[in-house]
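Engineer: Next up is a structure, given as structure tokens.
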């Protein structure tokens, strides 16, 4: 009863690749906008994995989790963009390495 | 029976009232209360003594049970036998005379009220000490008199020297008291009681003569006695204690408190008889003390310090008596000593009082005609002190020397030492008389003693002479001493030696046939006298041995060395904090990377451990 | 009744806090009234107990053994309940707590200007915490109160303290908190160790039966021991105390020295030793050694201080060493002595701290080098100081003497050598007490100094404390009668292991 057109493994590999892309973006980019976008990519890769798994086992949980991630992503974008604006105002830059006020 | 309670209660109540009045009481009322309460108390003692002499019955009175835990139940209770009666009579009788004398002596002092409060408290504590039926209550009185001694030595508290003398008196005696407390613990643990009479019975049944335990217990008790009675090696406090008002020296540091050690040993003689080794130590301590103090007295020039050293020396005789088993003679000497030493101190106080607080005997002189009453007192007191024939001191000291002579083995040595002491006593006591009362006048007295001072002096003069004929009601208290046939030549020697001392003193300090200056011209002699003057350098020795190290340790530790441990922990965590701080660099990407690395590591571990 | 008593104090704290809105003098009246009410409540309830109950031996672990007992469900899931019990010992300490609570208020009557309401509230909350500690039988509840008494005290020091208050308060907090966590760990271990079919229980009576033995027992016991010894304080955990005492406001010092230290001793006597008889016995030589060290060390350091309050604080370290000795000597003489020492030291040290506070209030210094000859300006203060100084050096006739004598007499049967070493404390106590009198009250007076003597309020507090000490010293029997049944209940628990103690000690000492 596999409702998938492609093998699940392929989709999971794609999701993993997407996640890794996002992760590396997060770790390597210094611009906060790109970091946010990378986060977005990671969230979506997770969502993709959930949907795939949900379809594979024909369980609604996957979709539910997708909805949740969607909400979280939306909230994150809202808060994140707010932060971006604040950082821009305060530091006159979007380079996160220069916004290291939390240094101990 | 109620009159027995009144005896310590009257001074105690009057002390309480005087303290609570906080110095606002008029002088007349305060002195009336101070001396009057002791007078009433003395009256009660006299009534008690007369009824005791009539029936000879031992009186016991329990007020209440102090505490009761298991088998340990000391009571606040009195035990009154002949010995107690003797002590109580001395305390209240001489105490009353000294209080009377104090009224005049202390009249101009602003703290008269405080003075009488302390003095009354002292008498109450001293009475408790001698009346106690158990060692714990005795210890209460024992420490109580110590406190009063501290308070009275430091009575003129504005001079830090007086404070130092007072602290020294308290702390040195406290060392002895601590030994005594340990002795009490030992007795309580081994014999299960602290009540004196049952204690002695139990000791006799449980211990054999010469066992280790009685020796240990009595040695610890002896520690307390040595401290309180200013015997070697804890005698150094007494000369300094002369910083107090002179009547205090007369009452506390001559007549009563310092003889408490003698009383303690006499009271617990049953224990000491089981410990011949301790008893012998008592004799040797007494002998050593009496000689050392007598030599020191020879070299002093402060009138009160001479008397202080002579007190130490005379208590040495009492210890000698106890040590040779002549308990009754020891108590006899205690009583006569109380008479003549109180007399001497009061007379010295009168001299000091009339000469604007002059203490140095070399700035006195020629007072014979100017202060006749005081002169007579001094002569009689010194005669008794030197044990000239037919004075009270003669009878008691003679009894001690004879008792020492008749002891086996060590007896003659003790006797010879005692004789040497008697010779020295003759010299130093008449040195004092000759220098102060003869020769040319150096300071003029500005007043004469009034009746309140002269009265007690005259009474004490009488007692110092006739005191030797009083029969103390000590029969039945101590085991009867076996009477030895005594060689008559021995008796003649002990009569002759004090006279020789008097003669020597005359030749040296009045007649001038022996030149003191010439004697002192030898460098060794000068150094020897300095050595005696400093009291055989005991103070310096103790300073070096105890006081300085204690202060040094306290100074070294004052900033809490244990905190170094905790400061170490603090330093270590601060060091760790600084090391770990580099991780906290504020860069978001760095945090993300660390997190990923951590996750990868975790994942790796989990996969490795997965089956 | 017991829960109500604690609640009364807690609620009164809130009332006092809010009362400062109306008047700055109202809060202290609230405190006085609340403490008096609590006392009244206690006494009224005691009236309901038949007299023979006070003499009945109360075995721990039997609910009917307590004079008063109450239990309410709280967190049944974990076997935690609001279980309170009062026996003679708790009653005695409760009376001491409330009495000294009054003294604390009186001693800081017009000292506090900043937020007097909050100050009084913290005072009351501390009292509530201490009362809870003395009454709680559920160990979880006990721990809760242990913390409740800590935090208001921390605030008292941190807000109303003297110049180095932040340091002192933090040190106090960390010492107590860290050791308290060790105790929490031990409590949890104990509860799980004793878990039966009907789940775990934190109740004292249940845990008495199921304490671990062997190595686990020793470690668990140490958790308790450290917590209580820090509070006591025993050497070498005492270093928070001189700082906290010195920096605390007068009322804080009075409470700290008077009753907070006693919670440590109470904990040892009620929990640490009875729960772990075997481990305690093995540990006793060490504990006694710490006691002796504390006595001598505290006395030497007291002598080295120039700060009046610091001197008194170190004297507390010295005196509490006697308590430690008495508890671990574990015979009725020594235990009665230790309990007596708790009470007598509470009173005498509270009085000395009150004296220190009065001096600081008048002279604005605690440095004894800047005092001297105060007797002339303030003879009443001098007389009081003399009284409490000689009380603290253990003069017979005062409660402190009875305490120290009994502890040492009891200890002598167990270990003469330890007794001899501890007796050194009698001498060193004289050294520092008299030195204190010399520095502050004797010596040359400074004639330019104006100083008010004690007034009626201070003098009456002092007189009451003097009367208590004299009463304890001359007729201590009521106190012994009150605690004797408790000790008789506890002693047999340990009689078997403890009988081996003298042998154990003779192996370690010469």
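Glycine too: its Cβ is placed from the backbone N, Cα and C atoms.
According to TrEMBL, the record shows the following:
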type     : residues  : note
DOMAIN   : B:66-116  : domain 'NADH-Ubiquinone oxidoreductase (complex I) chain 5 N-terminal'
DOMAIN   : B:132-410 : domain 'NADH:quinone oxidoreductase/Mrp antiporter transmembrane'
DOMAIN   : B:428-533 : domain 'NADH dehydrogenase subunit 5 C-terminal'
TRANSMEM : B:6-23    : transmembrane segment
TRANSMEM : B:30-54   : transmembrane segment
TRANSMEM : B:76-100  : transmembrane segment
TRANSMEM : B:112-130 : transmembrane segment
TRANSMEM : B:136-157 : transmembrane segment
TRANSMEM : B:169-188 : transmembrane segment
TRANSMEM : B:208-227 : transmembrane segment
TRANSMEM : B:248-269 : transmembrane segment
TRANSMEM : B:306-328 : transmembrane segment
TRANSMEM : B:373-395 : transmembrane segment
TRANSMEM : B:415-438 : transmembrane segment
TRANSMEM : B:450-472 : transmembrane segment
Engineer: In the domain 'NADH dehydrogenase subunit 5 C-terminal' (B:428-533), how many residues does DSSP call helix, how many strand, and how many coil?
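Structural biologist: Counting residues by DSSP class gives 70 helix, 2 strand, 34 coil.
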Engineer: Any contact between the transmembrane segment (B:136-157) and the transmembrane segment (B:415-438), i.e. 3 or more CB pairs below 8 Å with pairs at least 6 residues apart?
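Structural biologist: Contact absent: fewer than 3 Cβ pairs fall under 8 Å.
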Engineer: So how many of the residues in the domain 'NADH-Ubiquinone oxidoreductase (complex I) chain 5 N-terminal' (B:66-116) end up helix, strand or coil by DSSP?
Structural biologist: 29 helix, 8 strand, 14 coil
Engineer: At an 8 Å Cβ cut-off, counting only pairs 6 or more apart in sequence, do the transmembrane segment (B:112-130) and the transmembrane segment (B:30-54) clear the bar of 3 or more pairs?
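Structural biologist: In contact, yes.
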Engineer: Against which stretches of its own chain does the transmembrane segment (B:76-100) lie, if we need a Cβ under 8 Å and a gap of at least six residues from its ends?
Structural biologist: 4, 7, 34-35, 38-39, 41-42, 44-46, 48-49, 52, 56, 58-66, 116, 119, 123, 126-127, 130-134, 137, 196-197, 247, 250-251, 255-256, 263, 266-267, 331, 334-335, 338-339, 342, 346, 452, 455-456, 459-460, 472-477
Engineer: Where else in the chain does the transmembrane segment (B:6-23) make close Cβ contacts, counting only residues six or more beyond its ends and a cut-off under 8 Å?
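Structural biologist: Hits for the transmembrane segment (B:6-23): 30, 33-34, 36-38, 40-41, 44-45, 48, 88, 92, 111, 113-114, 116-118, 120-121, 123-124, 127-128, 131.
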Engineer: List, by number or range, the same-chain residues at least 6 past the transmembrane segment (B:30-54) whose CB is under 8 A from its CB atoms?
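Structural biologist: Counting only partners 6 or more residues beyond its ends, the transmembrane segment (B:30-54) has Cβ contacts under 8 Å with 3-4, 6-8, 10-11, 13-14, 17-18, 21, 80, 82, 85, 88-89, 92-93, 95-96, 99-100, 102-103, 107, 112-113, 115-117, 119-120, 123, 127, 473.
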